[in-house]
Amino acid sequence: MSKEIAKKRIEELRDLLNTFNYQYHVLDNPSVSDAEYDRNMQELIKLEAENPEFMSEDSPSVRVGGTVLDIFEKVTHKSPMLSLGNAFNEGDLRDFDRRVRQGIDGANVRYICELKIDGLAVSLHYEKGRFIQGATRGDGVTGEDITQNLKTIKAIPLRLNEEVTLEARGEAYMPKRSFVKLNEEKEQNGEDVFANPRNAAAGSIRQLDPKIAAKRNLSMFVYGLANVEEKTIPSHSESLDFLGELGFKTNPNRRTCETIEEVIAYVEEWQEKRPHLDYEIDGIVIKVDDVALQESLGTTAKSPRWAIAYKFPAEEVVTRLTGIELSVGRTGVVTPTAELEPVRVAGTIVRRASLHNEDLIREKDIRIGDYVVVKKAGDIIPEVVNVIFDKRTGEEEEYRMPTHCPACESELVRLEEEVALRCINPTCPAQIREGLIHFVSRNAMNIDGLGERVITQLFDADYIRTFADLYALTKEQLLQLERFGEKSATNLIQAIENSKENSLERLLFGLGIRHVGAKAARTFAEHFETMDELVKATEEELKAINEIGEKMAQSVVTYFDNEDVLELLQQFKEYGVNMKYKGIKIADLQNVESYFAGKTVVLTGKLEVMGRSEAKKKIEALGGKVTGSVSKSTDLVVAGEAAGSKLAQAEKHNVEVWNEERFLQELNK
């Protein structure tokens, strides 16, 4: 492989893995299987090792996790919640053992093996035995404050058996029986069901209303002690015993092993026992038990050297493929999906499986009526692995992708260097509908109450066809729709009205310009400050911006060189939709003498003008430090709407409190 090709492939893999990380760790909405993610990661690691000149500090191969959403308050972990390196077979486990023994110069080593619970990783903070704060893992450094929701989980003690100050870490999960019951209720109510227990747990814990989490019958296993004051515990196994004595729920199926052979035997044992548990596990975690040896081995930027996660092979089952259904995405890509005779895979009933594209169907010679092997290695629609040719009867039908769009009957095209067929009709109803769903999504205009179901209702009723149509909706129209009452209709109209005040970057991202993600949208918004200035920009001006490449620049210029788009922007203006950047430029804050220099600040509640992540960046650019909890060392609390318990903590510690208006005044000095 030439250096040029290697560089291009490395960049492609980084973009791909960053997208997968964001979908999995931030949105709780993964789009690929664990196996596919791992394949791409291993390819990237190999290419970077072979081409060290292309190594980058921000490569997915060396960093932890993704970005945190501006929904809950931010919490900075006192020590990073690192991810673990992976082992996929016995050889990987033996390599891990060899590295450990080399790193400790022949000292005796004992391992502790634990079941890897498939849930949501959280940290729990206790002061003098009282539960004061819980947070998600987030990107490993900064998580989200989910204290109130965690308090609804009965397995989490609100008061410990000793008045000790500590941070424990664990995995919140939904038992299988609770998952089945929840999905049955959602089906009866006509709601979308959860794909699996992990998604159900994550979705429940990240609800803004703790009452919803309380109804979901979640549980939790604590798997580690991050720190504890005035106490030294020499081994991980003893720390788990200590946590159990304090009142935490720890998993009883852990085992200490003196040799790697014992570790391998434990892995094989639980691979067999796995289906009989009432909770999902996706592997085994193996750790060096001795804490002193852990400290000696240390960590890499991404994971500890003293621990590894063995990942179970994807579960594979056989079922019959009864048909192939096509869907059209917002960019026009036509994706085939296999329709299957229902079969249980990895704890859920599966009726559909991804076929990705026409090339895959041809490569695997998939035909309607075939018996196929299906696997589900992660949290997504499963994939067809292969056909069982021995079961063919001769009655199976070969499948050919259509030449015309299934939604609008326009001719399909295959763009250069793409394997997917694409509908390029800008009036295709399927693309319009998917585009509307994207426009109102969390990272775009973030219109609460406008999800896929409601957008589909509005679209089918012919109430909306363009983004601007959303701002012409009336309460009377909503009341004509199923499951809308006076209150819900009023709330949705208000949510749509509120979205008019969003900063420019949200609108830009919502437009769905090809190649422009949320990060690029913010870059454009901060650089040009208004939509009008961006519309006038040339390709050369766009390419001159840091991190904006030729492909993206061309896409932006092409998008705005369209009369329909310009008409849409004019309609936005008429409806009063903001098209200016409301943020404060980071670059303008550098080297400025500021009140915030050397100050410790806590942000709480909803900030209307900027998200808390942006406020944090501004404070840090001015020399301040942002923390997630109020203490006697805190200098200032900035309180937005619906500020919670941190106000009481500020009063207790006699800390000054500002509202958002006062905060912005100080920033703008």
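For all residues, glycine too, the Cβ spot is worked out from N, Cα and C.
If you look up Swiss-Prot, you'll see Lys116 marked as active site, N6-AMP-lysine intermediate. Annotation for Lys116 (active site, N6-AMP-lysine intermediate): same-chain Cβ neighbours under 8 Å, separated by at least 6 residues, are Ile281, Asp282, Gly283, Ile284, Val285, Ala309, Tyr310, Lys311.
Under the heading NAD(+) binding site, Swiss-Prot lists Asp34, Ala35, Glu36, Tyr37, Asp38, Ser83, Leu84, Glu114, Arg137, Glu171, Lys287, Lys311.
Marked as Zn(2+) binding site by Swiss-Prot on the basis of sequence analysis: Cys405, Cys408, Cys423, Cys428. Contacts of Cys423 (Zn(2+) binding site) defined by a Cβ separation under 8 A and a same-chain sequence distance of 6+ are given as Val328, Gly332, Val334, Cys405, Ala407, Cys408, Ser410, Leu412, Ala430, Gln431, in order along the sequence.
Marked as domain 'BRCT' by Swiss-Prot: 591-669. Restricting the average to the domain 'BRCT' (591-669) gives a pLDDT of 80.
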Do you know offhand how many angstrom separate Cys428 (Zn(2+) binding site) and Lys287 (NAD(+) binding site) by C-alpha?
54
Across the record's NAD(+)-binding residues Asp34, Ala35, Glu36, Tyr37, Asp38, Ser83, Leu84, Glu114, Arg137, Glu171, Lys287, Lys311, the largest CA-CA distance in angstrom?
26
Zn(2+) site, defined by Cys405, Cys408, Cys423, Cys428: further same-chain residues with Cβ within 8 Å of the Cβ centre
Val328, Gly332, His404, Pro406, Ala407, Glu409, Ser410, Leu412, Asn425, Pro429, Ala430, Gln431
May I ask which residues of the same chain, at least 6 positions away in sequence, place their Cβ under 8 angstroms from the Cβ of Asp38 (NAD(+) binding site)?
Asn86, Phe88, Lys311
Would you list the DSSP helix, strand and coil counts for the residues of the domain 'BRCT' (591-669)?
25 helix, 18 strand, 36 coil
